[in-house]
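Have a look at the structure below, then the notes.
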Amino acid sequence: MSDIALTVSMLALVAVLGLWIGNWRIYGVGLGIGGVLFGGIIVGHVAHQYQIQLNDDMLHVIQEFGLILFVYTIGIQVGPGFFSSLRVSGLRLNAFALLTVFLGSVVTVMLHKLLNIPLPIILGIFSGAVTNTPSLGAGQQILTDLGSSTALVNQMGTGYAMAYPLGICGILLVMWLMRVLFRVAVDNEAKQFETSNGQHHEQLLTINVSVTNTNLQGLAIQDVPILNRDTIVCSRLKRGDELMVPSPHTLIQLGDYLHLVGAKNDLEQARLVIGNEVETSLSTRGTDLHVERVVVTNEKVLGRKIRELNLKQNYDVVISRLNRAGVELVASNQASLQFGDILNLVGRKTAIDAVADIVGNAQQKLQQVQMLPVFIGIGLGVLLGSVPLMVPGFPVALRLGLAGGPLVVALVLGRIGSIGKLHWFMPPSANLALRELGIVLFLSVVGLKSGGDFVDTLLNGDGVWWIGYGALITIVPLLAVGILARTLGKMNYLTLCGMLAGSMTDPPALAFANGLHPTSGAAALSYATVYPLAMFLRIMSPQLLAVLFLTL
């Protein structure tokens, strides 16, 4: 059998075994995608026993490409809401991530000083315990630059391999302990995130208001400040028995009924100004008005603001809501359209059909994946990750690496949405498929590489102690920060899990957190919020520790 056929066959075996292990449930909790790592360790051990040799270069390429696929699709998924998340809660989330990194470094220093663990070993255990491969590379590089022998530098890799599996299990254990300790109901946490935080947007509501304020008599809608905001849309007006779609120039009369869409606080302010909330129906049923949802797929309208389309003036149609990446937004005049946006239209049937033709409404396009933008994004991400970042006082340049670079680029491209005919929108099913494929490839190779020496070091060497040290470095900071964030910070459980996974730059942990509630984006959003800073700190920390240990 050729090297390629053998390697692919082994990876397939690892994936099948690992996914099967991941489906096991103990008290309702399983390893999920993390089971692939243990499938890899088992197959790697058997391959080592029977002296089955796999191509290391090929495995390395598959491992890195799998990681790139995973982080890129995560970035595309959370990109539309990432920057608003950063403004709203980014400081708090990154502060907790910083605390996690700091506490892990403190535990590492204590173990090194109290137990006299050799420097390469403790740095390797530290990198494995926090499941950060770039940290391992940075530590090995600085040890080499500081004059350590090749044998000592290689010991760091051994320590990493011993600590890595329990590093992944440790964070999953902490997530499970947090769930048990605080009696978390995951479905309730997801609902709380969607309603209270509204994906960092307030949930949109509707009310019907009767105009009783005499000061509004004869004023155009655009002349009423509360109705001229970007936070409220007046999508219907009923006068007598006539239901109409109002324009900014429509004159208000006493006794008119207005159908308003907006956030709770904005609607309450509008009610206080306009009049009284009423139960009178402003339904389009039985009238010549219709409400339909159409999707934006026409390249000609991408990037254009809603006001530029002049839908009300030209077609007597109002956009009452805009759904972007699952988030309901007020369709303000300043909002720019992106590929995949879903518009809630109110108007006459023929007019809505005309507007649908303008914005595209080609449902089949949403199921198509443009591969050109995918590889453009990956290529740009790899280039960004390879750019050296020189920090004064450090003997080596820092880099975002093959994980950080594609993530940052994907976040930016996901936020932009489209450039010309290139759309970075990806159907959820396609995004999930690529993401799962990436993480399975990555974990399969990590497991295969660790499996060869894992059992021997565990049974005949100091492996058990190394695993124990790694467990302390993994669990103590995560548990401390998790309890602090939940009790004092009142952090949503799914957001907390994503933040913990991001602070460890741990894709398998994120996959596990996403699996807790597959339809909620809370974990992925908080992961992406803290990941860039956490990756930078994880790369810096072993270098700082090496300098610290050698100078004290």
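Each Cβ is built from the backbone N, Cα and C atoms, and glycine gets one as well.
Here's what Swiss-Prot has on this protein:
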type     : residues : note
TRANSMEM : 4-24     : transmembrane segment
TRANSMEM : 26-46    : transmembrane segment
TRANSMEM : 65-85    : transmembrane segment
TRANSMEM : 90-112   : transmembrane segment
TRANSMEM : 158-178  : transmembrane segment
DOMAIN   : 191-276  : domain 'RCK C-terminal 1'
DOMAIN   : 279-361  : domain 'RCK C-terminal 2'
TRANSMEM : 371-391  : transmembrane segment
TRANSMEM : 393-413  : transmembrane segment
TRANSMEM : 439-459  : transmembrane segment
TRANSMEM : 464-484  : transmembrane segment
TRANSMEM : 493-513  : transmembrane segment
TRANSMEM : 530-550  : transmembrane segment
Most Cβ pairs under 8 Å to the transmembrane segment (464-484), of 4-24, 65-85, 158-178, 371-391, goes to 158-178
Over the span of the domain 'RCK C-terminal 1' (191-276), how high is the average pLDDT in this prediction?
84
Does the transmembrane segment (493-513) come close to the transmembrane segment (158-178), meaning at least 3 CB pairs under 8 Å for residues 6 or more apart?
yes
I'm a bit unsure how to read this: which one of 439-459, 493-513, 530-550 has the highest number of Cβ pairs shorter than 8 Å with the transmembrane segment (65-85)?
439-459
Go through the chain and flag residues at least 6 beyond the ends of the transmembrane segment (530-550) whose CB is under 8 A from any CB in it; none is fine as an answer.
93-94, 96-98, 100-101, 104-105, 108-109, 112, 119, 123, 126-127, 130, 132, 134-136, 138-139, 142-143, 146, 391, 394-396, 398-401, 403-404, 407-408, 499, 502-505
Taking the transmembrane segment (4-24) as reference, the highest number of CB pairs under 8 angstroms among 90-112, 371-391, 439-459 goes to 439-459
Considering only the recorded stretches 90-112, 371-391, 439-459, state which has the highest number of Cβ pairs under 8 Å to the transmembrane segment (493-513).
90-112
The correct DSSP tally for the domain 'RCK C-terminal 2' (279-361) reads 23 helix, 29 strand, 31 coil
For the domain 'RCK C-terminal 1' (191-276), how many residues does DSSP put in helix, in strand and in coil?
30 helix, 30 strand, 26 coil
Counting only residues 6+ away from its ends, which parts of the chain sit with a Cβ under 8 Å from the transmembrane segment (371-391)?
68-69, 72, 76, 397-410, 413, 422-424, 426, 540
